[in-house]
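Summarising the annotation, TrEMBL assigns transmembrane segment to 6-30, 82-106, 126-148, 169-199, 308-331, 352-371, 391-414, 435-460, 466-487, 531-552, 564-582, 636-669.
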Amino acid sequence: MVLGDIFVLAFVPAACVVGILFALTQWYIVSRVSVGGHVSNNGYMHVDEDGVDDSSVVAKCAEIQAAISEGSESFLYTEYQYLSVFMGIFSVIIFVFLASVGGFSFDRQPCDYDPAQSCPSSIANAFFSTVAFILGAVTSTLSGYLGMKIATYANARTTLEARRGVGKAFIVAFRSGSVMGFLLAANGLLVLFLTILAFKLYFGDDWVGLYEAITGYGLGGSAVALFGRVGGGIYTKAADVGADLVGKIEQNIPEDDPRNPAVIADNVGDNVGDIAGMGADLFGSFAESTCAALVVSSISSFGTDRNFVAMCFPLIISAAGIFVCLLTTLFATDLFTIKGVKEIEPTLKRQLVISTVLMTGAIFLVSWYALPETFTINVVGHEPKVVKNWHIFFCVGSGLWAGLIIGFVTEYFTSNAYQPVQDVADSCRTGAATNIIFGLALGYKSVIIPVFAIAAAIYLSYSLAAMYGIAVAALGMLSTLATGLAIDAYGPISDNAGGIAEMAGMSHEVRERTDALDAAGNTTAAIGKGFAIGSAALVSLALFGAYVSRAGIASVDVIQPKEFVGLIVGAMLPYWFSAMTMKSVGKAALAMVEEVRRQFRTIPGLMEGTTKPDYKRCVQISTDASIREMIPPGALVMLTPLIVGTLFGVETLAGLLAGALVSGVQIAISASNTGGAWDNAKKYIEAGNSEHAKSLGPKGSDAHKAAVIGDTVGDPLKDTSGPSLNILIKLMAVESLVFAPFFAANGGWLFRIWT
């Protein structure tokens, strides 16, 4: 190890500042595409490629963009009002539960790592954990909100650039996604690093206490992410299902037709669900993976030796990732130019490969220079494990490359360029039933390779560095977070761009370009969800190990009744949670369908296009339904660890976490890929880019209607239940870790009464 404390204190903030400045630069470039006026950034009026003056089209794009932005703002404002109340209540719960462990004492107590030393009181630990929770929640909220603002700013600009060519539109959408990616990655890391430095002023050399308090940061981030994913997912899918079922199937009008009353709500949903919810979700993954690595490292020789640089290894990895992602982004925006539709998806895939290769080199350098040549990791119930710095390189690298494998497998099963999705599309010849059967089979099959990849990363990492290896493997999978977010955010921005093109009455060529961008975006969104689910599995396992250590559990024996009861109940929880979220989407969609039907039935001239529909009524229905329906699933996840830990004890809770992890990962992968495959099967038929696709179309054919039904069934799977499940397994694990001192001291009273 050759790096000093000064390097860490300079390098991590510098990386964050560079990331923020790069994001602002990308935003400035995007802002040069004019929406409010008639003159473009090049000083000439926007003209369609067929030479038609489009000043009225620009004005209409601006009007639609304003409506989408207003709806998104309104929903998030309402959601955050409810979340602020919840966060206030849960902050009190954290403080009271943790302070009660020491009898609400202000007296300093003997340190766990050295009883001869005195460490902060239980009141102080409770206070700092609560502060970290609030900071995590606020940062997660800000991440989601900024993502929404960026997306609603970029959607119409992408549409306008699509008239000048698919390459121009791609650059705007991808630059906009990069703004979100770099802002979120840099802000999340900067807030966490500054929080650690601020807490250290009080905790001093008590790294164990400091990092246990810091876990509240991950809990706050994931708590907001859960409600953001569930609430946003219900919103977007209620609108999407209502728009598709009535518009496409009953009225036989195109997707995003301005006559459809639910079309604005549908586009708003892309921003509050796929952007704001996804941003908060991946921020939560980053915060939890970092916190897990920090907690495990605090009980290693890093902590006892007071080795600041080695303790900050997870933060240095994330900082290096910002520089790697910056270089990777330049390949898509500056070094290569997209000239045709077929180049879109390979360009996005190339981002994954380039970032992975570059990050591998960065991991090697950081592992070699930031870690001691040899150190020890404490293992619960076993002798401390001796680890070398090159072991950690393989641990982080295994997570990084496992993520790439998951990404490519996800792409294979969800892109309409490959056989699996084409088979699903072909099954639509015989109706919706066979489409559903083929789609479900595809989803189940798509679980196999990702699970093997995760299992291989877990085995290798644990063999080399115990739970610390698994924690940094999760960090490796998320080390290219900025690039992953850019690719992920690109999809909903392109989707919105296509909707605006249709509503503004642009030419068929423009809509074809935005459809091509959107189809690639669907695949990249599925890849992003695969990364999130894979990292959630590793993060949850690392948090599980930290929880077992903190709760003082020597071993988790599933043969014992307490653990087995928790295991089987935990395996059931993802099904219960999925049932609640799926039904919530169904109830909200039912209200939306009835409203859209009512407007088509009662508003004269709506189908003829001479009268505008009541868009705001549909926006309000989605808002009310999502806010109302997000509370029960959120309460299930947040209350389950508290109830189980308090009533049944730490052993049963350990079994519960293991069961939820094993079950939740597989359901999440299957649900996300099934929904993504159905969506792209529909787009495959609509595009008609091959003889096979043309034989299934055109739009409005029986096969196309069957594909629309499959897409509608898959909507809540891929955008509500599936993505939310990875938050469920992470959130329960980090919540259990935060409350572990309380459960260890006071939990299991029901079993004590029984025996």
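The backbone N, Cα and C atoms fix where each Cβ goes, and this holds for glycine too.
What TrEMBL says about a protein is an automatic prediction, not a curated fact.
Between the transmembrane segment (435-460) and the transmembrane segment (308-331) there are fewer than 3 Cβ pairs closer than 8 Å, counting only pairs 6 or more residues apart in sequence, which means the two stretches are not in contact. Proximity of distant same-chain residues to the transmembrane segment (6-30), defined by a Cβ-Cβ separation under 8 Å and at least 6 residues beyond the stretch ends, is recorded for 150, 153-154, 157, 172, 175-176, 178-183, 185-187, 189-190, 193, 308-309, 312, 315-316, 319-320, 322-323, 326, 329, 333, 370, 482.
Under 8 Å from some Cβ of the transmembrane segment (352-371) lie the Cβ atoms of residues 1-3, 8, 309-310, 312-313, 316-317, 320-321, 323-325, 327-328, 331, 389-390, 392-393, 396-397, 400-401, 403-404, 407-408, 476, 479-480, 483, 487, 527, all in the same chain and six or more residues away from its ends.
Tertiary neighbourhood of the transmembrane segment (466-487): same-chain residues 19, 174, 177-178, 180-182, 184-186, 278-279, 282, 285-286, 289-290, 292-293, 296-297, 300, 313-314, 317-318, 320-322, 324-326, 328-329, 348, 351-352, 355-356, 359, 363, 377, 379, 385, 387, 391-392, 395-400, 402-403, 457-458, 460, 524, 527-528, 531, 534-535, 538-539, 541-542, 545-546, 549, selected by CB-CB distance under 8 Å and a gap of 6+ residues from either end.
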